[in-house]
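Novice: One structure is given below, represented as structure tokens, and several questions about it will come after.
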Amino acid sequence: GFGCPNDYPCHRHCKSIPGRXGGYCGGXHRLRCTCYR
């Protein structure tokens, strides 16, 4: 979701969440957007 497997839309989505610094695509087919602090 959130644009994956493209990292950029996922990263932007995560940056919009308070307390999150960004994100990346992970999971079996890089389809899960994972946010990091």
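Glycine is treated like the rest: Cβ placed from N, Cα and C.
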Novice: With CYS4 as one half of a disulfide in Swiss-Prot, pick the other half from CYS14, CYS25.
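Specialist: As annotated by Swiss-Prot, the paired cysteine is CYS25.
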Novice: What is the disulfide partner of CYS33 among CYS10, CYS14, as given in Swiss-Prot?
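Specialist: Candidates were CYS10, CYS14; Swiss-Prot matches CYS33 with CYS10.
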Novice: Between CYS35 (disulfide bond) and CYS4 (disulfide bond), what C-alpha distance do you get in Å?
Specialist: 12
Novice: Rounded to the nearest Å, what's the C-alpha distance separating CYS4 (disulfide bond) and CYS10 (disulfide bond)? Just drop the number here, would you?
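Specialist: One finds 6 Å between the Cα atoms of these residues.
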Novice: Between CYS33 (disulfide bond) and CYS14 (disulfide bond), find the distance joining the two CA atoms and give it rounded to the nearest Å.
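Specialist: About 8 Å separate the Cα atoms of these two residues.
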